[in-house]
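Swiss-Prot has this to say about the protein:
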- 231-238, 256-260, 278-281, 345-348, 371-373: GTP binding site (BINDING)
- SER238, THR258: Mg(2+) binding site (BINDING)
- 70-224: domain 'Obg' (DOMAIN)
- 225-390: domain 'OBG-type G' (DOMAIN)
- 15-406: region 'Localized in the mitochondria' (REGION)
- 30-406: region 'Not localized in the mitochondria' (REGION)
Amino acid sequence: MTPARHFSARLRTVFEGVGHWALSTQAGLKPSRLLPQQASPRLLSVSCADLAKRQELPGKKPLSEKKLKRYFVDYRRVLVCGGNGGAGASCFHSEPRKEFGGPDGGDGGNGGHVILRADQQVKSLSSVLSRYQGFSGEDGGSKNCFGRSGAVLYIRVPMGTLVKEGGRVVADLSRVGDEYIAALGGAGGKGNRFFLANNNRAPVTCTPGQPGQQRVLHLELKTVAHAGMVGFPNAGKSSLLRAISNARPAVASYPFTTLKPHVGIVHYEGHLQIAVADIPGIIRGAHQNRGLGSAFLRHIERCRFLLFVVDLSQPEPWTQVDDLKYELEMYEKGLSERPHAIIANKIDLPEAQANLSQLRDHLGQEVIVLSALTGENLEQLLLHLKVLYDAYTEAELGQGRQPLRW
């Protein structure tokens, strides 16, 4: 037997070894893997723009625009089939010394429905398969046992999903928990007990279950967000979204860098979150589906208020606002009249300074001048964004509706 003092000495040696190993391991860690108390000084920043981003330790690398096109899907063609009904049973009661017990075949169970449900945690149609088959009902049994009905199959889709059949809109799942029965399950078959009659005391007839309903549905996603950034290609919308949130859309010096909508979350005190959508750049004639205009414009329909992003370095920048409002109005009447703010981006460029006064004179309203690249005047945008959100919330509550919570 090992003496107690020897055991405690060995235990002390083991703990000391573990302590030396932990210190040496932390010393060899890269800066990106440091513990929270060793994080970079940027995490301690108290500026308004930095507080709008939720501070997190570096993790996985952001998805590139090419990979994002695989993960973000805004259209699906789905074949949905309801569950088949179970077959009825044809049998007779069997009991000792009772030769003619009568029919006791039970009915089959009903097939399960296929239901689409709007889920707040789902942001894309990428998880939706191209075919769904509902659960079938069980067959009936003897002793008047009915078959169990098939379970309901739920398909989770993001909020803002339009369900179309043959070019006709059959459902609009715009709220959390909205459901739509995509395919009905088949009815269960009848057992021979169902056909018992005065003129037929021993029926042997039973019916099979009915097949489930089959439908081809087209799912279209319209991005649901509080604010939607609208502008021409290369206006700096993606750079602006990166500056005020943790979203990481692709940024490059050529137009049409963004091909799919991005949604960034701006954080405020009191755990308030405002969702801002970066809509791909639209061009003149977008309402006629030029440059995939219809595919881009439909993501603006669900935005509660708009942010018109103008490239201040371009000649006559006020024409950009007029053209954007015209395209929105031609696409959907009243869309351009929603609450909005005008953002003049790229003020850090020399040619932008000369256009600023002309822009204000032509528009005759407040213009938020900033630079997404340098972060100049981002605080004014964040404060004005909060004002637009408060006005939207007050209007929704005044009409007895709950505002959108992200």
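Cβ coordinates come from backbone N, Cα and C, glycine included.
Here GLY231 (GTP binding site) comes close to LYS237, GLY281, ILE282, PHE308, VAL309, VAL310, ASP311, GLN320, LEU324: these same-chain residues lie at least six apart in sequence, with C-beta atoms under 8 angstroms from its C-beta. Cα of PRO280 (GTP binding site) to Cα of SER238 (Mg(2+) binding site): a distance of 9 Å. Highest Cβ count within 10 Å among the binding-site residues LYS237, LYS260, LYS346: LYS237. Here the Cα atom of SER371 (GTP binding site) is found 12 Å from that of SER238 (Mg(2+) binding site).
Highest Cβ count within 10 Å among the binding-site residues SER238, SER371: SER238. Between the CA atoms of LYS346 (GTP binding site) and SER238 (Mg(2+) binding site) there is a gap of 13 Å.
DSSP assigns LYS260 (GTP binding site) to coil in the three-state reduction, outside any helix or strand. In the shown protein chains, 23 other C-beta atoms lie within 10 A of the C-beta of PRO280 (GTP binding site). Secondary structure from DSSP puts LYS346 (GTP binding site) in coil. Distance from the CA of LYS260 (GTP binding site) to the CA of SER238 (Mg(2+) binding site) is 11 Å. Look at LYS237 (GTP binding site): DSSP puts it in a helix. Over the region 'Localized in the mitochondria' (15-406), the average per-residue pLDDT in this prediction is 82.
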